[in-house]
Amino acid sequence: MKWLSVLPQQCLLLMTCLLMALEAVPIDIDKTKVKGEGHVEGEKVENPDTGLYYDEYLRQVIDVLETDKHFREKLQTADIEEIKSGKLSRELDLVSHHVRTRLDELKRQEVARLRMLIKAKMDSVQDTGIDHQALLKQFEHLNHQNPDTFEPKDLDMLIKAATSDLENYDKTRHEEFKKYEMMKEHERREYLKTLDEEKRKREESKFEEMKKKHGDHPKVHHPGSKDQLKEVWEEADGLDPNEFDPKTFFKLHDVNNDGFLDEQELEALFTKELEKVYDPKNEEDDMVEMEEERLRMREHVMNEVDINKDRLVTLEEFLRATEKKEFLEPDSWETLDQQQLFTEDELKEFENHISQQEDELKKKAEELQKQKEELQRQHDQLQAQKLELQQVVKQMEQKKLQQGNPPAGPGGELKFQPPGEHKVGDAAKHPAGGDQPLPPGHVQEPAVRTDQVHA
């Protein structure tokens, strides 16, 4: 059985998901009575994204380790403390050479990816002289001091980082949702400030009407209660509610047949309840709130059923929960629309934080504007100097022409013709022996030699 066929978005996917000692009790189910297509034996079940920034690396390491028979056998007999303490990581020394070589390659690829992320981040702020080795220290899921080989320390760090990060994942999601809700209210109030009194009253009336419409929904069963599970049994599975059997229910909804109900399999059980409250076609229903509601339901069931807090529900834990009074007679379940998600003080603090951010952005924008204006001023100054120089050159050319000096060419060279390159006709204009041109109509007489006259 795959030791990590369940890679839940939350904790212990390298920890408690490894423990497959407990098998689900085999139960014969009449699949013909079940709506939809069941899980096919041997069919690969795609695990959801964990949300971690090293999710792909984590998955690849898991896939490679799973191919080693010795390591897989150790995982089946290991307990949680052995995994968390790092004892299991030391078994990495006994895996095959092929597995170690592949793990080395994966680690080098991950280090290269992280370096690219660091470089991209530094390039965005135009930083130079990046010390990758120092910056890699911020990543706690691998040993940065040895970027070329995958050692037991790397597996130990990966387990601990994934465990810690995923344990805080739900908390982070709750905080982000709370900020989302406060931002919605902040923007609504800011919009109302832009309206006149009459329009503001209409908007307020519409808002209250939508709230009332959203809250007008059928009763939501307590998550994990008998009524809630029987509704899934009847409406989703298509089985007779009078024949509800917890063992059969567990086997039916253990989609990947690993003997556990993981967090995704549990969340799938709440779809019918959520459909009572949320409809994507309705303007008043927010799908972000629906996912927060789903998360709250799953957390509640885990707190009630998951005895060893490994974020996985075994058949034994599930059956034990069905024997509790809360399973048969649960308290009513309050949906998000029945709760106060934040106080006025929290909203005020949130708005102050937004205001500070806006002020900082405004200051940066003003600084950029000043820089732009200074660059424009320097540009205009250079243009003026260029025009001034061009005017000076032009005046110098005119002065040379007035003084009779040959004008200069584009490159500053003098425009004159060297001796011997006079144009045709220049000899007629300048007779030999004289510097002045002959008068019009005058014919030059041939020169008479003195020795011819005396003869």
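The backbone N, Cα and C atoms fix where each Cβ goes, and this holds for glycine too.
Where the annotation comes from TrEMBL, it is an automatic prediction and has not been curated.
Annotated signal peptide per TrEMBL: 1-24, in sequence order.
The region 'Disordered' annotation in TrEMBL covers 194-226 (among others). Here the region 'Disordered' (194-226) has Cβ contacts under 8 Å with residues 188, 244, 269-270, 273, 276-277, 282-285, 297-298, 300-301, 304-305, 321-322, 326-328, 330-333, 335, 337-338 of the same chain, all six or more residues outside its ends.
Annotated compositional bias 'Basic and acidic residues' per TrEMBL: 194-211 (among others), in sequence order.
Per TrEMBL, compositional bias 'Basic residues' is recorded for 212-223.
Feature annotation from TrEMBL assigns domain 'EF-hand' to 241-276 (among others). Per-residue pLDDT, averaged over the domain 'EF-hand' (241-276), rounds to 91.
For 293-328 (among others), the entry in TrEMBL reads domain 'EF-hand'.
Away from its own ends, the region 'Disordered' (351-382) comes close to residues 186 of its chain (Cβ-Cβ under 8 Å, at least six residues beyond either end). Per TrEMBL, region 'Disordered' is recorded for 351-382 (among others).
The annotation compositional bias 'Basic and acidic residues' is assigned in TrEMBL to 359-380 (among others). Mapped onto DSSP classes, the compositional bias 'Basic and acidic residues' (359-380) shows 22 helix, 0 strand, 0 coil.
Summarising the annotation, TrEMBL assigns region 'Disordered' to 395-455 (among others).
The compositional bias 'Basic and acidic residues' feature in TrEMBL is assigned to 420-429 (among others).
Taking H, G and I as helix, E and B as strand and the rest as coil, DSSP gives the domain 'EF-hand' (241-276) the counts 23 helix, 2 strand, 11 coil. Each residue of the region 'Disordered' (194-226) gets a DSSP state, and the totals for helix, strand and coil are 20 helix, 0 strand, 13 coil.
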